[in-house]
Amino acid sequence: MATRNETRTRSRSNDNNRKTRKPAAEKSAFSFGNGESGAAPLLGALAAGAAIGIGANWARKFLQQASESVMAGNAWDEILKLEHKATLAKFDALLATEDSETVKRAGLVKLLHYGLNKHSFQEEQVVYPALRQANETVDADHLEHEHGYVKTYLYRLENMEKDSAEFLPTVREFRDLIAEHAKMEEEQVYPRFKAAMSDEQNARITMLMNKEGMKMN
Ligand SMILES: [Fe+2]
Ligand SMILES: [Fe+2]
């Protein structure tokens with residue numbers, strides 16, 4: 001059976017082959033911005049984070065940052081970045097647990113599952129299709145391929161005994177995948193894509209992404 005790295009390397013090479021067959025850049029579906037936006041999807045996740053004890057101050061800080069970003073109206077990338085940070089904080093809370101804290105671990109895994117499902121849904125329904133329309137197919141396919149492993153890790157953690165010796169090493173491996181994936185989105189893919197679009201197009205993506213996120217609340 002192929003390891004995750006082997007599979008991901010293979011995927012990049014397949015992606016390179018596919019890129020040559022893609023049509024020219026076309027952004028029309030994302031070009032009718034009306035500036036709608038909303039913080040509701042993020043608020044739900046933050047409230048859940050505070051409830052499970054990740055920290056009210058932490059949640060408040062994110063809320064403040066989120067409202068500033070949403071005020072901008074075209075800050076889809078900033079919203080996703082905040083969600084990345086919130087996700088990594090959940091991993092850190094998990095890594096700080098003891099084997100005896102099985103209930104807390106189960107709660108945090110559920111919270112992680114909810115947050116990652118919503119985040120992935122927004123990217124898969126709006127951002128990655130928009131990337132493909134802008135002829136960024138290789139990156140979109142690579143990122144979506146990694147989302148498959150996100151689901152696999154969630155499945156493993158949910159079905160694992162929460163006091164298993166395998167639990168924390170699996171969380172660590174999963175965190176590494178998410179950190180690397182988020183870094184690629186935040187530092188390579190999203191800045192280039194955002195800069196290539198008009199304010200109106202970015203506002204359109206923000207609105208569509210928030211709409212999809214609300215379906216997951
Ligand atoms: Fe992603
Ligand atoms: Fe992301």
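Glycine residues also receive a Cβ, built from the backbone N, Cα and C atoms like all the rest.
Source: prediction; values computed, not measured.
The feature compositional bias 'Basic and acidic residues' is assigned by TrEMBL to 1-18. Here TrEMBL flags 78-192 as domain 'Hemerythrin-like'. Among the features that TrEMBL reports, region 'Disordered' is placed at 1-32.
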Rounded mean pLDDT for the residues that make up the domain 'Hemerythrin-like' (78-192): 97
Counts of helix, strand and coil residues, the domain 'Hemerythrin-like' (78-192), according to DSSP: 98 helix, 0 strand, 17 coil
